[in-house]
Structures are given as C-alpha cells and as structure tokens.
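J.: Once you've had a glance at the structure underneath, I'll fire off some questions.
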2 protein chains.
Amino acid sequence: MKTQKISEAVVRRLPIYLRFLNELAMKNIMTVSSQDLGQKLDLNPAQIRKDLAYFGEFGKKGIGYDVSYLIEKIRQILKLDRHIQVALVGAGNLGRALCNYNTYLRNDMKIVAVFDAMPGKAGESINNLTVQPMHEMKQTITKLGVRIGIITVPAVEAQNVANQFVECGIEAILNFAPVIIKVPADVRVHHADFTTELQSLAYYLD
Amino acid sequence: MKTQKISEAVVRRLPIYLRFLNELAMKNIMTVSSQDLGQKLDLNPAQIRKDLAYFGEFGKKGIGYDVSYLIEKIRQILKLDRHIQVALVGAGNLGRALCNYNTYLRNDMKIVAVFDAMPGKAGESINNLTVQPMHEMKQTITKLGVRIGIITVPAVEAQNVANQFVECGIEAILNFAPVIIKVPADVRVHHADFTTELQSLAYYLD
DNA sequence: TAGATTGTTAATCGATTAACAATC
DNA sequence: TAGATTGTTAATCGATTAACAATC
C-alpha cells in the first residue's frame with residue numbers, strides 16, 4: 001500500500017516473478033498459486049504472498065493468482081507500464097552486449113542513446129544506435145527524456161561518468177564498473193559487477 | 001573461524017573489501033581502519049570489523065589493518081590464492097565481453113575455455129581462446145581442471161547448459177541468462193541477470 | 001459442501017549496529 | 001601516557017517463515 005517502505009529484497013524479487021509469469025502467459029496458463037511460484041523460483045510461498053500483499057490483494061482465496069492480471073499489476077508497481085528511456089556510456093564489448101538486449105526488454109525499457117569518450121568510437125553504430133561523443137550527452141538525455149543510466153566504462157572513469165549522469169538529471173544508475181560510485185542520496189545506484197560476483201563464487205568451492 | 005556458517009551477505013562483501021584494498025596497495029597506503037573502509041564503501045565500520053572477525057584477528061587495536069596482510073588473508077578466504085579455472089558457454093556478445101575481463105582478473109581466476117552450440121561459432125577466436133563445440137566440453141573441462149562455469153546463452157538453453165556443467169563435475173555456476181536454473185544442492189549457483197537488475201531500478205523512479 | 005489457497009498475524013530467524021573493554 | 005581502533009557482546013532492527021482464519 002506504499003505507505004510503509006518496501007524493502008529492497010522485495011523489489012528485487014518482483015522482476016523475477018514477472019519474468020516467470022510472462023513464461024506462464026506464453027504457455028496460456030491462466031492461474032498460478034504461490035505454491036507453484038515458490039517451487040519454480042526456489043522461494044517460500046509465504047514470502048511470495050507477503051511480497052505481493054504489500055501492494056494490494058491480487059489473488060483469490062482458494063484459487064490463486066490470475067496470471068495476466070498479476071503481470072499487469074507487477075508491471076505497474078515496477079513502473080514498467082510506461083516507456084522508460086535508458087542511456088549507456090561505454091561502447092566497449094560489454095556495452096555492445098547490453099545494447100543487444102534491447103529487443104529482449106520488450107517495450108518497457110529501452111536503451112535509446114550510447115556515448116563513449118574515445119574519439120574513435122563516436123559515429124560507430126550499435127544495433128540501430130549511433131555512438132555519440134560525451135559532449136552531446138546533456139542535450140540528448142534532455143531531448144529523449146532519459147531517466148536511467150548504465151555505466152560500462154573502465155573503473156577509473158566510472159565516477160566521472162556518474163557525475164555527468166547526475167549533472168544531466170539521471171534518476172538511477174546501473175554500474176557495471178568494478179568500483180563503488182558516489183552520488184547524491186536521491187539518485188539510486190545498483191551495482192552489477194561481474195568480477196566480485198565471480199570472486200564470491202570461489203568461496204564456495206571445497 | 002569457519003565452524004559457524006558464514007552468511008552469504010558477508011561473503012559478497014569480501015570481494016569488495018579486496019578490491020578497495022588493492023587500490024590502496026597500489027597507492028602505497030600501508031594501513032587502513034574500518035572507519036576509512038566504511039566511508040569509502042558505504043558500509044558500517046562495525047559490520048566490516050565483524051565480517052573480518054569471522055575469519056580471524058587481522059587488525060591491530062589502535063592501529064587498524066595492514067593493507068597487504070589483509071589482502072593476503074581475504075584472498076585465502078576466498079580461495080583466490082590458488083588458480084581457479086573457469087569455462088564459459090555462449091560465445092555471443094556478452095560471452096565475448098566477459099572473456100575480455102580475463103586480464104582484469106589478475107592471476108586468480110581465468111576463463112580458460114569457451115564453448116558454443118552453434119556450429120558456425122566453433123573455431124572462432126576470442127582473446128587467445130578458440131571457441132569449441134559443445135561435445136568437447138567434458139574432455140576439456142576435465143583436462144584443464146575447470147571448477148566454475150559461466151552461462152551466457154539464451155534463456156531457453158540455460159538449464160540445458162547447466163545440466164551439462166553438472167555432468168562435467170563443475171562446482172559452481174554464474175548464470176547470466178534470465179531464468180532460474182536448477183542444479184543439485186552441492187553445486188552453487190549465482191544469478192547475474194542484467195534485465196531483472198534494470199527492472200528493479202525502475203521501481204525507484206519517482 | 002470439501003478442498004484449496006489467499007492475506008495476515010505472530011513467531012522465528014538472521015543480520016546490522018551500537019557500545020565498550022582491551023590494547024596498540 | 002593519551003588517542004585511536006580493534007574484537008566482541010548485547011541491543012536493535014528487519015526479513016523470512018509458520019500458522020490459520022477467511023473465503024473462493
């Protein structure tokens with residue numbers, strides 16, 4: 001009901017629910033229980049019910065959840081019912097790879113601009129987009145209404161890019177560079193660093 | 001002291017400590033306090049001390065932590081003091097991008113084999129590695145002593161690849177495909193899915 | 001109706017933080 | 001010695017899970 005603060009853990013699970021619900025919808029499955037969901041997603045059914053209950057009563061007692069209704073609701077909660085424009089800085093291998101997910105993201109989110117500081121990169125084309133030089137960032141981001149920024153530059157450049165994003169009024173950042181970046185409290189940052197992920201996996205080897 | 005179970009949250013922070021300590025070492029900074037560390041990494045100093053204390057007494061009261069000693073210790077804890085061989089399946093854009101981090105991973109972890117199911121891909125070369133067909137996986141993984149697998153194939157293929165990894169005796173998997181994969185309990189799986197990460201960011205837009 | 005499953009409360013479990021004696 | 005900072009205990013905070021009345 002949005003009065004209480006929703007924990008980050010809950011918000012991180014919502015896209016996972018959504019993804020699986022979309023799979024069900026494609027298979028023309030109309031209804032799903034928290035039991036089913038929990039089994040497929042390796043989560044406790046009570047947790048799933050509780051997560052959803054933070055936002056409303058989406059299920060029917062004795063029946064379960066209507067798949068397409070729940071999809072609609074989760075998309076609303078995540079604000080994926082609107083178009084959200086994304087910009088990416090760093091047209092290296094990783095940046096290119098992420099741009100190619102554009103089709104995958106359906107309509108909801110879309111990378112609409114790519115920037116790179118290297119003079120040689122500007123003008124290159126990636127999947128319908130043309131790489132732009134950094135000095136065009138402010139203007140392009142304003143014009144296209146970009147709200148989320150992705151950082152795929154080397155670690156030493158990441159903070160600098162983050163600063164520029166903030167300057168442009170970006171509201172949230174997904175940072176792939178292996179470094180903690182600092183931004184004002186009203187800008188949301190998620191870290192998606194492959195190297196730390198891999199290193200923590202090593203711990204679990206025997 | 002490894003008798004109690006260490007929480008996942010702790011293990012995930014260790015590589016972040018390590019990364020920053022390496023930065024300090026490069027700047028020839030000899031000593032660091034939990035205070036400093038906390039400030040730079042946006043973490044509570046007490047938490048950092050507690051995390052480290054699970055594994056031993058690495059600091060000096062009144063002084064702080066010796067940077068290079070702590071690096072050595074964390075590398076031991078994470079098992080990064082040995083060479084760990086990694087294999088990757090899915091030589092698409094993302095797979096290529098990750099292979100290029102090889103240099104970045106220093107000596108500790110290394111992607112030593114790349115596989116792809118598409119006949120056209122086999123034989124291609126990525127950063128010193130030659131893409132191999134899937135049927136060579138078992139033999140190569142055994143020969144090279146690969147212990148960790150990375151999945152960068154489309155979602156529909158991911159479970160299949162995971163099964164093959166398990167079959168080959170892989171101990172841990174980093175899955176980039178947007179799907180939950182099922183493996184035996186003794187295989188560790190971490191999910192690194194860019195799309196769910198991005199979707200959860202959208203929630204925090206105003 | 002009987003069986004199933006939700007939404008929600010209460011219980012449990014675990015993780016973070018504060019506080020401080022020990023000590024460099 | 002005085003100041004700083006650890007390692008650790010206790011307090012707090014938050015998240016997960018169990019249980020069950022409500023009800024489809």
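Including glycine, each Cβ sits where the backbone N, Cα and C put it.
Predicted, not measured: the structure shown is a model, and the values here were computed from it.
According to TrEMBL, the DNA-binding region annotation covers B:16-55. TrEMBL lists B:Gly90, B:Ala91, B:Gly92, B:Asn93, B:Leu94, B:Gly95 with the feature NAD(+) binding site. For B:79-180, the entry in TrEMBL reads domain 'CoA-binding'.
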J.: What mean pLDDT does the predicted model reach across the domain 'CoA-binding' (B:79-180)?
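T.: The predicted confidence over the domain 'CoA-binding' (B:79-180), as a mean pLDDT, is 94.
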J.: What subset of the binding-site residues B:Gly90, B:Ala91, B:Leu94 has a Cβ positioned less than 8 Å from a Cβ of chain A?
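T.: Only B:Leu94 pass the 8 Å Cβ test.
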J.: Going by DSSP, give the three-state secondary structure for B:Gly90 (NAD(+) binding site).
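T.: Note: B:Gly90 (NAD(+) binding site) is coil by DSSP, not helix or strand.
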J.: Return the count of C-beta atoms lying within 10 angstroms of the C-beta of B:Gly92 (NAD(+) binding site), excluding that atom itself.
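T.: So the Cβ neighbour count for B:Gly92 (NAD(+) binding site) comes to 15.
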J.: Taking DSSP states H, G and I as helix and E and B as strand, how many residues of the domain 'CoA-binding' (B:79-180) are helix, strand and coil?
T.: 31 helix, 29 strand, 42 coil
J.: In sequence order, which same-chain residues at least six apart have a C-beta under 8 angstroms from B:Leu94 (NAD(+) binding site)?
T.: B:Thr152, B:Phe176
